[in-house]
Amino acid sequence: MSEKFVKYPHHLKYESQDLKHVKLGFTTREGGYSLYPESSFNMARYVDDNPENITKHQEMLADAIGFVRAQWVFPIQTHENRVMEISQSHRGTNIDTLTDDMYGIDGIYTYEPDTLLTMCYADCVPVYFYSEKHHYVGLAHAGWRGTYGQIVSEMLKQIDFDYNDLKIVIGPSTSTTYEINDDIKAKFETLPINVKDYIETRGENRHGIDLKRANALLLNHYGVPFDNIYITDYATSEDLSLFFSYRVEKGQTGRMLAFIGQK
């Protein structure tokens with residue numbers, strides 16, 4: 001399958017023939033005003049960066065994708081599996097300054113137009129949900145904790161239409177070089193999918209995990225057809241000229257922004 005994330009200045013845009021009203025994408029580290037290193041495009045206010053830089057980057061992205069900043073929504077992620085429906089009243093939350101509003105939310109969805117769902121990433125898996133037919137978009141943040149917590153299942157529980165009408169995009173995130181230990185592997189063995197399909201033992205207390213595939217397997221287990229799931233080849237830990245990587249850069253790095261909305 002050919003790569004559907006197409007590179008533009010400062011972001012990757014997902015392009016598919018079935019998209020008419022939905023826009024989704026993922027920012028890169030290229031260009032911008034942040035120092036991760038110099039001239040990078042950090043999108044997170046919670047890292048050591050000048051807040052004015054993030055505002056400039058937001059404005060640049062807003063101009064590129066056609067959603068003004070006042071239409072954006074940004075929850076405070078905590079690597080859990082809480083999901084929240086977004087209404088028009090939530091627009092603008094945590095865009096200019098971070099607050100306690102929407103704290104501990106790692107999955108969001110809406111049926112509202114002109115509302116941009118956003119979250120920050122630097123290795124964790126962005127899982128995009130959309131249905132043009134039902135005017136629905138959603139976004140989940142799935143690191144190993146969110147994947148183990150089955151946040152994709154929590155997202156699906158909120159959907160009251162046929163999963164055949166649902167499309168999933170699994171975006172840029174860490175590659176299979178990401179490793180977990182025996183204790184974490186044991187947690188994944190309790191999930192309703194076969195660990196042999198996404199975990200590879202590489203040595204004593206070392207197991208490579210494919211978090212993208214794990215989320216795809218979970219989605220399929222709960223009823224989403226594999227034909228409706230797209231997985232990008234882009235890997236944050238493999239291209240530090242294009243992406244930030246929390247693990248590779250040992251936490252001293254910026255964040256990319258995943259976004260999805262409908263007009």
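Note that Cβ sites are derived from N, Cα and C of the backbone, with glycine treated the same way.
Quick caveat, the model's predicted, so the values are computed rather than measured.
Swiss-Prot has this to say about the protein:
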BINDING   HIS79, CYS124, HIS141  Zn(2+) binding site
Neighbour-count leader, CB within 10 A, binding-site residues: HIS79, HIS141: HIS141
Tertiary neighbours of CYS124 (Zn(2+) binding site) (same chain, Cβ under 8 Å, six or more apart): HIS79, HIS141, ALA142, GLY143, GLY146, SER173, THR174, LEU211
Where HIS141 (Zn(2+) binding site) sits in the secondary structure, as DSSP reduces it to three classes: strand
